[in-house]
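A short write-up of the structure that comes next.
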Amino acid sequence: MATSTDTTVNTTDVAAETVGEDGVRRRDFINIAAVSAGGVGALAVVYPLVSQMAPSKDVLAESTTELDISAIQPGQAVKAVFRKQPVFVRMLTEAEIAEADAVSLGDLREPETLADRTLEGHENVLVTMGVCTHLGCVPLGAAEGENKGEYGGYFCPCHGSHYDTAGRIRKGPAPTNLVVPDYTFTTDTTIVIG
Amino acid sequence: MSFPWAKQYEPKMPVMRWLDEKLPLPRFVYNAVGAGYPVPRNLNYMWNFGVLAGFCLVLQIVTGVILAMHYAPNALVAFDTTEHIMRDVNWGWMMRYAHANGASFFFVVIYMHIFRGLFYSSYKAPREMIWLLGVVIFLLLMATAFMGYVLPWGQMSFWGAKVITGLFSAIPLIGEPLQVWLLGGYAPDNAALNRFFSLHFLLPFVTAGVVILHIWALHIPGSSNPTGIEIKSESDTVPFHPYYTAKDGFGLGIFLILYCTFVFFLPNFLGHPDNYIPANPMATPAHIVPEWYFWPFYAILRAFTVDFILSAKLWGVLAMFSSILLWFFLPWLDRSPVRSGHYRPLFRKFFWFGLIPAMVVLFICGGAPAEEPYVMLSQIATAYYFLHFLVILPIVSSIERPEPLPYSITEAVLGSDKKAVLGENTSPAT
């Protein structure tokens, strides 16, 4: 009888095309699997294309900056270069320290004491990045005769942010205090930043 | 697009007939800008700026490719190679001034083009897609112009790169890593300059691609016109060539006279002198401003000075980007069925006495230092700008009583439409 062959043929067809009770065909799984594999492959290609723009090894291998601070007189500041960005090293006077300590923490946008921002035993040495925390300009106030702003620290000319003698944001659009980088004293007059 | 009366391309020379059968390129051109493309007869000079923008794109690509033959995108020598172009390369000074002033004139033309569209509501159905593609082109132009300005590696270049990538750092969580990714470092340096060169070369070709879509989308409904009424019959149109090729050619002549005046007699008038100082990562110039064509948007960025819910920095960035992104919704914000501002008395008042003055104030404030009274003025103008598009325009379009419209373009031009009276009106094929 022809029925046996017919049955075989039908079985295969039915197996492939059977629509389950939930309306899903077995072939649908293959479609999803194939598109998923393609999607994973595409992501694997896109990742290096995007990642190549992130900092390269030479940029990441940024070294430290060593600085002799013996020549800086109280009331003076110097600009050093750390990771291709300016860093301010400022020798505070007694008056400036007193002024910074007199500020109540409640008045600050980002409450930090001067002691929090300097190293123990060296409260007169203020080391901060010379990068305004608003949009990244270099504030004035490090060099002789520059505008130090209303709070005697730094003033950013780009959008008018004022920082106090401890480099804390007091007025203007900048959201946080000038960043204090990691640094240590190797001798009494030498610091290593980074 | 073709109206039933559009002329058909008929190749005369055997070689053109041969080509037309294989690759109908001449037919394509004939139907795009030749006699095969009927255009409203009443277009005024505000309709010249599309062609001028296309000309500027070609001008920038040609002078740009030439400059790239002599410029080196390396932080050590970028400034020097720019001066080498000015001093040593044959006609280098002209190429550089042509490219730099070309960018300014490109923006002049684009702003005229955009405000033409805003007044005559060229963004309304069925031309939404033309408008949307135009906004994409505008965004591409701004990105391209920004990266081009970085290349000479002067003071404004460097600090512009720092501040503009710094805008992205305002985004919560991903902002800082995003800025580092964009710069390829923690401050603008060689990596940033190198990639900006690559992208500044790429984007104009992307722009050219979108311009092709922009023109394609335009050719489906055909050009709008100062009455805002659709074409009704052949008497409403003239073939693009020779009528508008000649008119556009005349407009191009006027444009070139002005442009050459700047290139040859005032080449640095529109630029900032601080960009003749080599980039110094240790000192920011006291008065840092972007190029003049960014001033209105820069003013919006700086108008936000107080934290509420979000930081002032993030508000400024969001406002600046949304001031342009909201143009994407314009076809759906202005619901009035009448297109042209000529027949919309209330719209016209808000356009000339609201939007335009607000833009002028933003422009002036963006170029001025961030001091009073400029900050307050830019706050008021920013508020009006958003109010205009999001509140005033939707309300005006629903309450306004438009003035009577002419029957047809022909009637608007000649005072009567004989064909319409005689019943010979031919409806355009769709």
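Positions of Cβ are set from backbone N, Cα and C atoms, glycine also.
Here the structure is a predicted model, which means the values were calculated and not measured.
The C-beta environment of B:His99 (heme b b562 binding site), restricted to residues of the same chain at least 6 apart in sequence and closer than 8 Å, consists of B:Gln60, B:Thr63, B:Gly64, B:Leu67, B:Gly148. The heme b b562 binding site feature in TrEMBL is assigned to B:His99, B:His200.
The number of other Cβ atoms within 10 Å of the Cβ belonging to B:His214 (heme b b566 binding site), over all protein chains shown, comes to 21. Per TrEMBL, the feature heme b b566 binding site maps to B:His113, B:His214.
According to TrEMBL, the feature ubiquinone binding site maps to B:His219.
Summarising the annotation, TrEMBL assigns domain 'Cytochrome b/b6 N-terminal region profile' to B:15-227. When pLDDT is averaged over the domain 'Cytochrome b/b6 N-terminal region profile' (B:15-227), the result is 95.
Annotation source TrEMBL lists domain 'Cytochrome b/b6 C-terminal region profile' at B:230-407.
If you look up TrEMBL, you'll see B:49-72 (among others) marked as transmembrane segment.
Residues of the same chain lying 6 or more positions beyond the ends of the transmembrane segment (B:97-118) and with a Cβ under 8 Å from any Cβ of it are 46-47, 49-50, 52-53, 56-57, 59-60, 63-64, 67, 131, 134, 138, 141, 145, 148-149, 255, 258-259, 262-264, 267, 270-271, 291-293, 351, 355-356. Annotation comment: TrEMBL describes B:97-118 (among others) as transmembrane segment.
Residues or ranges marked as transmembrane segment by TrEMBL: B:130-151 (among others).
If you look up TrEMBL, you'll see B:163-184 (among others) marked as transmembrane segment. Non-local neighbours of the transmembrane segment (B:163-184) in the same chain are 146, 191-192, 194-195, 288, 290, 301, 311, 313-314, 316-317, 320; each lies 6+ residues outside the stretch with a CB under 8 Å from one of its CB atoms.
What TrEMBL lists as transmembrane segment is B:196-217 (among others). Residues of the same chain lying 6 or more positions beyond the ends of the transmembrane segment (B:196-217) and with a Cβ under 8 Å from any Cβ of it are 32, 54, 57, 60-61, 64, 68, 71, 73, 127, 129-130, 133-134, 136-137, 140-141, 143-144, 147-148, 150-151, 161.
Long-range contacts of the transmembrane segment (B:250-270) within the same chain, counting only residues at least 6 positions beyond its ends with a Cβ under 8 Å from a Cβ of the stretch, are 45, 48, 51-52, 55, 94, 97-98, 100-102, 104-105, 109, 291-292. Marked as transmembrane segment by TrEMBL: B:250-270 (among others).
Summarising the annotation, TrEMBL assigns transmembrane segment to B:312-330 (among others).
Through the fold, the transmembrane segment (B:350-370) approaches residues 115, 118-119, 287, 289-290, 292, 294-300, 302, 341, 377-378, 380-382, 384-385, 388, 392-393, 396 of its own chain, all at least 6 residues removed from its boundaries and within a Cβ separation under 8 Å. Residues or ranges marked as transmembrane segment in TrEMBL: B:350-370 (among others).
Sequence-distant contacts of the transmembrane segment (B:376-396) (same chain, six or more residues past either end, CB-CB distance under 8 Å): 299-300, 302-303, 305, 319, 323, 326-327, 330, 333-336, 344, 346-347, 350, 354-355, 358-359, 361-362, 364-366. As annotated by TrEMBL, transmembrane segment applies to B:376-396 (among others).
Sequence-remote contacts of a segment are chain residues at least 6 beyond its ends whose Cβ falls under 8 Å from one of its Cβ atoms, and for the transmembrane segment (B:130-151) they are 64, 71, 73, 78, 82, 99, 103, 106-107, 110, 113-114, 117, 122-123, 157-158, 160-161, 164, 188, 192-193, 196-197, 199-200, 203-204, 206-207, 210-211, 213-214, 217-218, 275, 291, 293-294, 324, 327-328, 330-331.
Note on B:His200 (heme b b562 binding site): other Cβ atoms within 10 Å of its Cβ, all shown chains, come to 21. Same-chain residues at least 6 positions away in sequence with a Cβ under 8 Å from that of B:His113 (heme b b566 binding site) are, in sequence order, B:Phe49, B:Gly50, B:Leu52, B:Ala53, B:Gly134. Across the structure, B:His200 (heme b b562 binding site) and B:His214 (heme b b566 binding site) are spaced 21 Å apart at their Cα atoms.
In the three-state DSSP scheme, B:His99 (heme b b562 binding site) is classed as helix. Cβ contacts within 10 Å of B:His219 (ubiquinone binding site), excluding its own Cβ and spanning all protein chains shown: 15.
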